[in-house]
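What follows is a set of notes on a single structure, which appears directly below.
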Amino acid sequence: MAFKGFACFSILLLLSLFVSSIRSEETKEFVLTLDHSNFTETISKHDFIVVEFYAPWCGHCQKLAPEYEKAASELSSHNPPLALAKIDASEEANKEFANEYKIQGFPTLKILRNGGKSVQDYNGPREAEGIVTYLKKQSGPASVEIKSADSATEVVGEKNVVAVGVFPKLSGDEFDSFMALAEKLRADYDFAHTLDAKFLPRGESVEGPAVRLFKPFDELFVDSKDFNGEALEKFVKESSIPLVTVFDSDPNNHPYVAKFFESPATKAMMFVNFTGATAEALKSKYREVATSNKDQSLAFLVGDAESSQGAFQYFGLEESQVPLIIIQTPDNKKYLKVNVEVDQIESWFKDFQDGKVAVHKKSQPIPAENNEPVKVVVAESLDDIVFKSGKNVLIEFYAPWCGHCQKLAPILDEVALSFQNDPSVIIAKLDATANDIPSDTFDVKGFPTIYFRSASGNVVVYEGDRTKEDFINFVEKNSEKKPTSHGEESTKSEEPKKTEETAAKDEL
């Protein structure tokens, strides 16, 4: 009887331990939590670690958290294990690391190698499976060696863009230059190398040192023997983009679209209705123009109007203008041809190159009435209100969807009312999502961004607290004509400055 009791006790104990083990496994966090006390030490111990810079109030961070944890769990069993970590970059004690790594929005992920000596932006997916696949590739060699025809077929494939270096030996200046570029661009491009060009699946055998870039479009492969660092990088980047990038709903085209918009070249974009009667004729003529201008530092894209709503919103375009061509230069000047016809494409490009096409400015209409305390500025009125008015102007660049901008609006109204009897001061706002901004004067990377331009033209960014009294003090200090006295100041707002919303990109 005693034995049976002991047996029952043993079974219960084992079950308890088993359940406890399961619960422990369920509650275990695989993402390392870093702060100012352990950040440097932890990074220095890892040859490869990913760090998420986040803020607790950031909605995108909250959405990423469970996917990041799932990925960390799976990668913990990788050989060798890959570490994922996070740090609250909004915490005052941790802000030194946010500054060190130039964090401008949340979440931002960085890949740190060699104990933090090498830093790379994470540009991969934001769901668990994609994170795992991306990081497994990133943790491997920057360039894989091809030792057989079978391995070459596997690496190059039919749909991959791969730069393959061919060398007589795996050493020397050319090899070192190639490997350095592979390491630099490993996040966005695939690299391989071989001692025998006969393994390569396409093209005649090439004598090394040389680089053959394989691609599933246009001429299918292209060679280069220039191993100068800048020239080699330019070759890889430019050769990896189709002569004419296609922007539609096909996910296979999306990586090329991303590379197109990342290119520093002048970008020519034609948007048409792909199912329209003249679509094929338009695309054919556009490709002819692209072919004849391929050496003119122009990148070409043709987009289906139905799949390009984001581009339409960004450039301020209307569907009634389709088919259209818009050109964007590296200094952000834009040139627009709306309702273009087949026989106008070639001549319009010639006019553009001859400097005969006027710059297009994205702008909302100038408001018929502008009687509110905070004056509405649009691109077309920016010169008159800000640059040529001879006034001291505090201007907010905002986005309608930005929560911080919405909270700031009533405060700026109060500031404007306090200066209503001072004709030398203007408090203004501009919707930066609907109007072009002169980037050489105003550097707008997040919302809200606030600038002050004095009556004589001195421009300074506002970096103070977002309270009525702080704004008033700032304007009085920087104005070149002393404003009159103002009303009683309100109590300071407790809302801290945050930059979850970023203008340059959607963090997810």
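Residue numbers in this text run from 1 along the chain shown.
Just so it is clear, glycine is given a Cβ too, placed from its N, Cα and C backbone atoms.
Feature list (source: Swiss-Prot):
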SIGNAL    1-24  signal peptide
DOMAIN    25-140  domain 'Thioredoxin 1'
CARBOHYD  ASN38  N-linked glycosylation site
ACT_SITE  CYS58  active site, nucleophile
DISULFID  CYS58-CYS61  disulfide bond
SITE      GLY59  site 'Contributes to redox potential value'
SITE      HIS60  site 'Contributes to redox potential value'
ACT_SITE  CYS61  active site, nucleophile
SITE      ARG126  site 'Lowers pKa of C-terminal Cys of first active site'
CARBOHYD  ASN273  N-linked glycosylation site
ACT_SITE  CYS402  active site, nucleophile
DISULFID  CYS402-CYS405  disulfide bond
SITE      GLY403  site 'Contributes to redox potential value'
SITE      HIS404  site 'Contributes to redox potential value'
ACT_SITE  CYS405  active site, nucleophile
SITE      ARG466  site 'Lowers pKa of C-terminal Cys of second active site'
MOTIF     505-508  motif 'Prevents secretion from ER'
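Shown on the structure are the features that Swiss-Prot records.
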residue : record                                                    : DSSP (3 states)
CYS58   : active site, nucleophile                                  : coil
ARG126  : site 'Lowers pKa of C-terminal Cys of first active site'  : coil
ASN273  : N-linked glycosylation site                               : coil
GLY403  : site 'Contributes to redox potential value'               : helix
ARG466  : site 'Lowers pKa of C-terminal Cys of second active site' : coil
Chain-internal residues, separated by at least six, CB under 8 A from ASN273 (N-linked glycosylation site): ALA279, ASP304, ALA305, GLU306, VAL322, PRO323
Cα-to-Cα gap, CYS61 (disulfide bond) vs ARG126 (site 'Lowers pKa of C-terminal Cys of first active site'), nearest whole Å: 10
Spatial separation of CYS405 (disulfide bond) from HIS60 (site 'Contributes to redox potential value') - C-alpha basis, Å: 18
DSSP residue counts for the domain 'Thioredoxin 1' (25-140), split into helix, strand and coil: 50 helix, 26 strand, 40 coil
Subset of recorded positions (GLY59, ARG126, CYS402, GLY403, HIS404, ARG466) lying within 10 A of ASN38 (N-linked glycosylation site), CA to CA, in sequence order: none
Cα-Cα distance linking GLY403 (site 'Contributes to redox potential value') and GLY59 (site 'Contributes to redox potential value'), given in Å to the nearest integer: 12
Number of Cβ atoms other than its own within 10 Å, given for ASN38 (N-linked glycosylation site): 13
Cα distance (Å, whole number) from ARG126 (site 'Lowers pKa of C-terminal Cys of first active site') to CYS402 (active site, nucleophile): 22
Rounded to the nearest Å - Cα separation of HIS404 (site 'Contributes to redox potential value') and ARG466 (site 'Lowers pKa of C-terminal Cys of second active site'): 10
Rounded inter-Cα distance in Å - ARG466 (site 'Lowers pKa of C-terminal Cys of second active site'), CYS405 (disulfide bond): 11
Whole-number Å value for how far ARG126 (site 'Lowers pKa of C-terminal Cys of first active site') lies from CYS405 (disulfide bond) (Cα to Cα): 27
Nearest-integer angstrom distance between the alpha carbons (Cα) of GLY403 (site 'Contributes to redox potential value') and CYS58 (active site, nucleophile): 11
Rounded distance in angstrom between the Cα atoms of ARG126 (site 'Lowers pKa of C-terminal Cys of first active site') and CYS58 (active site, nucleophile): 15
